[in-house]
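Before any comments, here is the structure.
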Amino acid sequence: MHKNVTFKNPWLPYLLVLPQMAVTIVFFIWPAAQALKQSFLVEDAFGLSSEFVWFDNFVALFTDPAYYEVMINTALFSIGVTVVTMVVAMLLAVMADGVLRGKRTYQLLLTWPYAVAPAVAGVLWLFLFNPSNGVLALALRTIGYNWNHYLNGEQAMALVITAAAWPRIAYNFIFFLAALQSIPRSLIEAAAIDGAGPARRFFSVMFPLLSPTTFFLVVVNLVYAFFETFGVIHTVTQGGPGTATEILVYKVFKDGFIGLDLGSSAAQSVVLMVIVIGLTAIQFKYIERKVQY
Amino acid sequence: MASITLSNVRKSYGTTHVIHGIDLTVHDGEFVVIVGPSGCGKSTLLRLVAGLEEITEGTVEIGGRVVNHLEPKDRDIAMVFQNYALYPHMSVRQNMAYGLKMRKMSKADIEKRVNWAAGVLQLSDLLDRRPGQLSGGQRQRVAMGRAMVRSPAAFLFDEPLSNLDAKLRVQMRLEIKRLQQELRTTSLYVTHDQVEAMTMADRLVVMNAGVAEQVGTPMEIYERPRTVFVAGFIGSPNMNFLPARLRGGMLELGQGLLVECPNAPAGTDGRDVTLGIRPEHLVVAKQGEPADIQFVVHMVEPLGAETLVHGRFNSVETNVALRLHGTPNVWRDAHLPLRLPPDALHLFDPASGVRLTE
C-alpha cells in the first residue's frame with residue numbers, strides 16, 4: 001500500500017507547520033541566535049555601544065580559574081542529583097511494585113512531589129534545614145552534628161542536591177515503576193525456579209531489562225540538573241557560601257544580570273548550548289540500543 | 001526421578017476458594033495432563049506444585065518429601081511457561097546455563113550439559129542468538145532446554161504450546177512427548193486443549209471449578225466419563241445431551257419416542273436421566289436394517305475425511321450432531337434413519353451430573 005499522503009494544494013503543508021515553526025523561531029532560534037551574537041560582543045559600561053571582539057569572551061572565560069571551579073561544582077551537583085534521584089526512585093519503585101494492599105494510593109502519593117515547582121521545593125528544604133530554626137537542622141544538632149549551610153560549602157552542596165533531587169524522584173519513580181511492571185512476571189518466576197534469590201534476580205534479570213529506562217533517565221536527569229535547577233539554587237543558597245554551590249546556569253544569570261557582563265554571560269550560554277546539544281545527540285544515538293524482548 | 005503426590009490440596013485467596021481439595025499422584029516417569037476450561041484452577045494447581053503460590057491447606061510431596069514450605073528453587077523442579085519466559089538479554093546458551101550457574105556447577109559441566117540439550121533439541125547452531133532472534137518454535141525448544149539441562153525431579157508445563165500456531169503445535173506436541181519418553185522425567189502438564197490432553201497424557205485429570213472431576217487414562221475418560229462435564233469436555237465435537245426418562249428398559253425421548261436401553265442400571269426405572277451420546281457413535285441404519293430413530297438434517301459441514309451433520313431427532317427439541325465417515329450424500333431437510341448402539345448410551349443423573357451407567 002502506498003502510504004504517502006499528498007495534499008492537493010502544494011502550500012497547505014507549509015501552512016500547517018507554520019504555527020510550530022513560528023513558535024520555534026520566536027522562542028528558541030531567535031534567542032539562541034541573540035546569545036550567539038552577544039557572545040562575540042563587548043558592551044560598554046553604560047550599554048550605549050558594543051564592540052565586536054571575535055572570541056575574546058570565550059578566551060576570557062576559559063582562562064578564568066573561577067569558571068573551572070564552577071564547572072567542577074556543576075559536575076558534582078549534576079552527578080549528585082542524578083545518582084540520588086535514580087537510586088532512591090529505583091528503590092521506591094521496586095518496593096511499590098511489591099506492594100499489594102493500597103497499591104494505587106501508595107503510587108499516587110509517591111508521584112505527588114513532581115507537581116512541586118523546583119523553587120518551591122528549594123524553599124521547603126530551606127525551611128527544614130534553616131540553621132537557626134529548621135526542624136531537621138535542629139534534629140541534627142541534637143545528635144551532635146553542627147549544620148550550617150550558610151557557612152559550610154559541602155553542607156550547602158548537599159542541601160541543594162537534596163532539594164533539586166526531591167521533586168525529581170517522583171518523575172523517575174513513574175518511569176521505573178512502569179518499566180518494572182512491563183517485565184513479565186513469569187521471567188521473575190523462571191529465575192526463582194532457576195535458583196536465583198531476590199537480590200540475584202534483581203541484578204541479573206530485572207536490572208538489565210530496566211537498562212533502556214535507566215539510560216534514558218540518566219540523560220534526562222543530567223539535562224535537568226544542568227539547566228532546570230536555577231530556581232533551587234536561587235532560593236536556597238544563591239550560589240553561596242562564596243561560590244560553593246554556583247553552577248553553570250547560575251553563573252550565566254549572576255554574570256549577566258547582576259554583574260551585567262553580557263558578553264561573558266552570552267558566551268557561557270553558548271557553552272551550555274553546546275553541552276545540551278551533545279547530551280541530546282548521545283541520547284538520540286543510543287536510545288535505539290534497546291533490549292529486545 | 002521422583003513422584004509427585006498431592007493430598008487434599010486447597011487454595012483460597014481470602015474468602016474466594018479456587019481449589020477445593022485435590023488428591024493426585026503422579027508416578028515416577030509418568031506424564032500426567034491436567035485439562036480444563038479457563039478459570040478452572042489448573043494453572044493455579046501447577047503453581048502450587050512449583051511453589052509460586054502458597055498452599056492454603058493440604059500437602060504437596062515431590063520425591064517423598066513434603067515441599068509446602070520450600071522455595072521454588074529447592075523443590076528440584078523445572079517449569080516451562082506459556083510465554084516461554086526466556087531472559088531476553090541473554091543468549092540461548094546463557095538462558096540454558098543460568099539455572100546451572102545459580103547452582104554453582106563447574107563451567108565444564110555447564111558446557112557439557114548445555115551442549116547435550118542443544119544437540120537433543122537441534123539448537124546447536126542457535127546457541128549464540130538472543131531469544132528475540134528466534135521463531136516461536138525455537139523459543140519453545142529453548143524453554144524445554146532450560147528445563148532439561150537441570151535434570152530435575154519433575155517437569156511442570158503451563159500451557160507451553162498455546163502461543164504457537166496450529167501446525168507447529170502438533171509438531172511440538174509430538175516432540176515434547178518423545179522427549180519425555182526418552183528422558184522418563186515425571187511430568188505435570190497443564191492445558192485447556194483436549195486434543196493435546198488426549199494425545200500426550202499417560203493419565204488425564206479433568207478439572208472443573210477447582211475440583212478434579214475425573215482422573216484416568218485418556219481412553220477410560222473417553223469411554224466412561226464420570227460426569228456430564230467430563231463427557232462434554234472431552235471429545236470433539238461435543239457429546240450430545242438429551243433429557244430422557246427410563247421406562248421398563250426403554251428410554252423415552254420426547255413424546256412417545258422410545259429407544260431400547262438394555263444397560264440401564266437396576267432401580268432406575270421411572271426416573272429422569274440425561275442421555276449422552278457421542279456424535280461418532282450415532283450410526284446411519286443400512287438399507288433393510290431397523291432404525292431406532294429418525295433424524296432431520298439442518299446443516300451439513302463436510303471436512304473431507306469426515307462430515308459433521310447437525311439436526312434434530314424427530315419430535316425432540318434438542319440439537320444433535322452426527323459425525324459420519326467420508327462425504328456421504330446428505331442434504332438439508334433429509335431424514336436419516338439412525339441406530340443408537342446400546343453400549344454407546346451414557347446415562348447421567350440430571351441433577352448431580354454423575355454417571356449412572358456402569
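Placement of Cβ uses the backbone N, Cα and C atoms for every residue, glycine included.
Under the heading transmembrane segment, TrEMBL lists A:12-33 (among others). Sequence-distant contacts of the transmembrane segment (A:12-33), counting only residues of its own chain at least 6 positions beyond either end whose CB sits under 8 Å from a CB of the stretch, comprise 273.
Residues or ranges marked as domain 'ABC transmembrane type-1' by TrEMBL: A:71-283.
Here the transmembrane segment (A:75-96) has Cβ contacts under 8 Å with residues 103, 106-107, 110, 157, 160-162, 164-165, 168-173, 175-177, 180, 202, 206, 210, 214, 217-218, 221-222, 224-226, 229, 245, 247 of the same chain, all six or more residues outside its ends. The feature transmembrane segment is assigned by TrEMBL to A:75-96 (among others).
Among the features that TrEMBL reports, transmembrane segment is placed at A:108-128 (among others).
Per TrEMBL, transmembrane segment is recorded for A:156-180 (among others).
Under the heading transmembrane segment, TrEMBL lists A:201-227 (among others).
What TrEMBL lists as transmembrane segment is A:266-287 (among others).
Under 8 Å from some Cβ of the transmembrane segment (A:108-128) lie the Cβ atoms of residues 92, 96, 134-137, 159-160, 162-164, 166-171, 173-174, 228-236, all in the same chain and six or more residues away from its ends.
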